[in-house]
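**Q** Take a look at the following structure, please.
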Amino acid sequence: MIEADRLIAPENPAFRDEDVIDRAIRPKKLADYQGQDHVRDQMEIFIKAAQLRSEALDHLLIFGPPGLGKTTLANIVANEMEVNIRTTSGPVLEKAGDLAALLTNLEENDVLFIDEIHRLSPMVEEVLYPAMEDYQLDIMIGEGPAARSIKIDLPPFTLIGATTRAGSLTSPLRDRFGITQRLEYYKVQDLQNIVQRSADCLGLSMEPEGALEVARRARGTPRIANRLLRRVRDYAEVKGNGHICADVADKALNMLDVDAQGFDYMDRKLLLAIMEKFGGGPVGLDNMAAAIGEEKDTIEDVLEPYLIQQGYLQRTPRGRIATDRAYLHFGIEK
């Protein structure tokens, strides 16, 4: 779909080759973790308390929009606890045996990180309950009348679950997490610090004003900020001498069709469709998806959250409505 081509899509498979670079510039410790002050302060206390008691950290659920650093935070927790981390995702764990294999290979106080935990199958989820509560694994041996259940003791461990859809988790699973952290969109100042740190890690010559220009257009999302930084770097190396100032960053981002608000053509297409085709709304999700040629899930999970958070779009019981701010942005009269 169109989503796969978006430079500012928080989750874009076209850029997976750059994950190696992303891992290299990710912070490893809480002290280097920019933004999300409330999360950082709380996790520092929880981690130190667990270390003082020589216990595994309580199970942790991290949720929020894509690209805000859920995986980064999970790795930071493991680094701070000085334990191993094993990483998987909900869709990968198709059978109970897949989860059992991971759990039985954990060492004491290790971290098991499950991304997209809301996509766990009910069968796998059932196995997870006693593992989280009692550090025990219930396994069925054999089939039919001869089948029997055996219990395997597990070492104390920390399950970290990450999701963009906390509401999709079942109540029994959600209630078993002792710590819940929501990641919010980042402030521009925090994103500027992230961009500057990434530039330093990549050995780039970048002025603070250049980092600020990238941060302003990154939709409050570190993953997008780092992706834009790499494209600005390309522009600076080809069109200039490699040095990134505000003017170079502005020209590069304009060339990439990312405007001052961080909108790309899909954001503009969505808002303009509501204003021009549906009289500003309200318009239902099905009609909007058909009008712009995009999947409903992509509209709900990727396009809309930032537009709503910035005050350009409203969700109402009757449908989506373009706000006065959207009309002002495009210079269109209501």
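Placed from the backbone N, Cα and C atoms, the Cβ positions cover glycine too.
When I checked Swiss-Prot for this same protein, it listed these features:
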REGION    4-186  region 'Large ATPase domain (RuvB-L)'
BINDING   I25, R26, G67, K70, T71, T72, E133, D134, Y135, R176, Y186, R223  ATP binding site
BINDING   T71  Mg(2+) binding site
REGION    187-257  region 'Small ATPAse domain (RuvB-S)'
REGION    260-334  region 'Head domain (RuvB-H)'
BINDING   R315, R320  DNA binding site
**Q** Could you tell me the C-alpha distance between Y186 (ATP binding site) and R315 (DNA binding site) in angstrom, no decimals?
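**A** Their Cα atoms are separated by 22 Å.
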**Q** Suppose we draw a 10 Å sphere around the Cβ of I25 (ATP binding site). How many other Cβ atoms does it contain, all chains included?
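**A** For I25 (ATP binding site), the 10 Å Cβ neighbour count is 16.
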**Q** Roughly how many angstrom lie between the C-alpha atoms of Y135 (ATP binding site) and R320 (DNA binding site)?
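**A** Pair distance, Cα basis, whole Å: 46 Å.
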**Q** Which state, by DSSP, holds Y186 (ATP binding site): helix, strand or coil?
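**A** DSSP call for Y186 (ATP binding site): coil, neither helix nor strand.
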**Q** Pop the Cα-Cα gap between R315 (DNA binding site) and G67 (ATP binding site) into the table, whole Å please.
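**A** So the alpha carbons of G67 (ATP binding site) and R315 (DNA binding site) sit roughly 22 Å from each other.
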**Q** Work through the binding-site residues one by one (I25, T71, E133) and name whichever has its CA nearest to the CA of R320 (DNA binding site).
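**A** Out of the listed candidates, the nearest Cα belongs to T71.
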**Q** Give the distance between the Cα atoms of R315 (DNA binding site) and T71 (ATP binding site), rounded to the nearest whole Å.
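**A** About 29 Å separates the two Cα atoms.
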